Structure formats: structure tokens, C-alpha cells
Amino acid sequence: MLFNLKNRHLLSLVHHTPQEIQFLLQLAKELKQAKYTGTEQPRLKGKNIALIFEKTSTRTRCSFEVAAYDQGANVTYIDPNSSQIGHKESMKDTARVLGRMYDAIEYRGFKQAVVNELAEYAGVPVFNGLTDEFHPTQMLADVLTMMEHSDKPLSDIIYVYIGDARNNMGNSLLLIGAKLGMDVRICAPKALQPEAELVAMCQEFAQQTGARITITEDVELAVKGVDFVHTDVWVSMGEPLESWGERINLLLPYQVTPALMQRSGNPKVKFMHCLPAFHNCETEVGKKIAEKYPHLANGIEVTEEVFESPMNIAFDQAENRMHTIKAVMVASLA
């Protein structure tokens, strides 16, 4: 089935149909196979792509750059310290300048309104590499990864996101599950559940696709029978360590442990994480946390036992960022 996604933005997946999302996933699968077999054909020769990063990144930057190079495109990396964006020049003006020079723009930053403004004024496709509200390229990678690790049709796959569900991962996993007719469960304390407006929108999508949506504080209910357990960091890197105590106490019952995974009752259950993950105290941040909260020395949102077990497929997710991002660029620019 063919879809024309030429010159389409990727801002949140709200405005993509289920069929368009599945087309991108199938294209990513084909591009991945071509890369593995050495038969990939560069379809973006002569294209120039600007990568705006107001937030630092490993996976997103590398995925966009390698995907672009594989397809013959050129990229320019722009960070806050090497441009006038937001200092002497508005995003609206930046969009109108870069749109004259580049064939597409990627943005990774804070507010969803900023990437929407870029899309409104650039005159070229804009791709959301992450905002506080949504993380669409991660969602495509997550679903591709779940497809690879399950022999079920999408509509039969059951997954749970557990932890702080107010963030871009909680929002986006709820959205794409609703769009694709999946069984999606969001498990978080009441204060950290997705906004009611987003939930209502996803419930409407679910009525059209047959998705099953569960939003609950009950860990037992949420994990029963799931195929995949997703989580993310509990505290943003910008927040001072002193403020972590209340959040940690609130989320400790939602830590992904071997016992939690076993409560799924599924011997094939897999663990997923968009990374980076605080699963030990080997990083600078991990050491500081372990000093202040010794009971978390073996992991914060996920324990070392789960992360280093065969259940963990987070590195497959990380690789699939590249393949799905490549699919987005090829579909929009080729």
C-alpha cells in the first residue's frame, strides 16, 4: 500500500493516520534490511538537513546523522552555543532563514510550540527529535522494536509504560498505541498521569482503531499479561538533586525490578527504555544519587538485574531510532 508523505512534517503523530504510521514502519523495516544486506540505495543525494539541538543528545543526533549519510544527504548540527537562535533571533525568523537554505529541519528542544512554529514558517519539512510533550521518532522505533520481538499482530500486543507518565514518553506511548489499535497501559501515581485532554483525544482514536487504553495507579493490574514493559527516567536532568526526594518516594513502587517483570506472568516479557537509563551508580549522576539515596545504588527507574538481563531490548530500540528516522526522511524528502 502506497502513501504520499512527500514534504510532510513529523511533529507528534497526532495528524498521521494509522495507515501512514504503518507505512513508515514498513519502510523502516525495508531500509533496515537493505542496510544489513548491503543493498541500500541513496535516495537523498543533494539534500541538506539542518539539525537544531537545544537539548543535548546521543541517540537522536547520531541517528539523524548516520541515516542522512547513508542516504547521501548532508547535515549541519546547530546547538545553542553556535547560533543566534533564541538569543538575537526568534525561532520564527530562524525558520524563514533555514527554510531558504535547507531541504528539511530537525528540532530537539523543549516546548512543542517551538517545533510547531518552525513547521509553520520554514516552508520545508520539520521533524520533531524530542520536545517536552512528544517524542515521535522514538515511538516509531519503539513499535518497530516491539514488532521484531513479537509474533503477534499489532492489535494483540500488550505493553505498559510505568513511572512518570506526564512526560513525552508517557504521552507518546499512549498516543501511538491508540493510533495503532494496541493494548496500551499507563501506570503512574495520580499526580504523574497524562493530562486529561490528551487522554480524551487518545480515547477518541481508540474508538476508531479498537485500541484498549488503561490508565491506573495499580501496578498489579497494569503489568498483568503484558508483552513489554516501558519506563523512563524519573527526574529531568535540569532539576536540582535536592528536589528529587519527593519524586523518588512517589515513584519507588513503580521501579522496574525482576519481581515486577515476573508479575506480568509472561515468560517472554521484554523490558524497554528510550535511554539513557539510571540502572546503577557508574555515572556521575548515578553516584550523586547513590550518595544521597543509598537504596537506589542498584538502579533508579530500573534495577541493574533487569537492565543487564536478556529481557532488556533497549539497545535494539536505540538502533531502530536510526532506521525509523531514515524512513521519515526518505518518505518526506525522496
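Any Cβ shown, glycine's included, is placed from N, Cα and C.
As annotated by Swiss-Prot, carbamoyl phosphate binding site applies to Ser57, Thr58, Arg59, Thr60, Gln84, Arg108, His135, Pro136, Thr137, Gln138, Cys274, Leu275, Arg321, with the evidence given as sequence analysis. Taken from Swiss-Prot, the feature L-ornithine binding site covers Asn168, Asp232, Ser236, Met237, and the record attributes it to sequence analysis.
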Quiz item: Where does Arg321 (carbamoyl phosphate binding site) sit by DSSP, helix, strand or coil?
Solution: helix
Practice problem: Sort the binding-site residues Asn168, Asp232, Ser236 by C-alpha distance from Cys274 (carbamoyl phosphate binding site) and give me just the closest. | Solution: Asp232
Self-check item: 10 Å Cα neighbourhood of Asn168 (L-ornithine binding site): matching binding-site residues from Ser57, Arg59, His135, Thr137, Arg321
Solution: His135
Practice problem: Using C-alpha atoms only, work out the spacing between Ser57 (carbamoyl phosphate binding site) and Ser236 (L-ornithine binding site) and round it to an integer in Å. | Solution: 14
Quiz item: Per DSSP, to which secondary structure element type does Asn168 (L-ornithine binding site) belong, with helix, strand and coil as the options?
Solution: helix
Exercise. May I ask for the distance between Ser236 (L-ornithine binding site) and His135 (carbamoyl phosphate binding site), taken between their Cα atoms and rounded to an integer number of Å?
Key: 15
Practice problem: Go through Arg59, His135, Arg321, the listed binding-site residues, and name the one with the sparsest Cβ surroundings, counting other Cβ atoms within 10 Å. | Solution: Arg59
Quiz item: Ser57, Thr137, Asn168, Ser236: which of these binding-site residues has the sparsest Cβ neighbourhood within 10 Å?
Solution: Ser236
Quiz item: So, in DSSP terms, is Thr137 (carbamoyl phosphate binding site) helix, strand, or coil?
Solution: helix
Quiz prompt | Cα-nearest neighbour of Asp232 (L-ornithine binding site) within the listed binding-site residues, Arg59, His135, Thr137, Arg321 | solution = His135
Practice problem: Tally every other Cβ atom lying within 10 Å of the Cβ atom of Asp232 (L-ornithine binding site). | Solution: 24
Quiz item: Counting across all protein chains shown, how many other Cβ atoms sit within 10 Å of the Cβ of Cys274 (carbamoyl phosphate binding site)?
Solution: 25
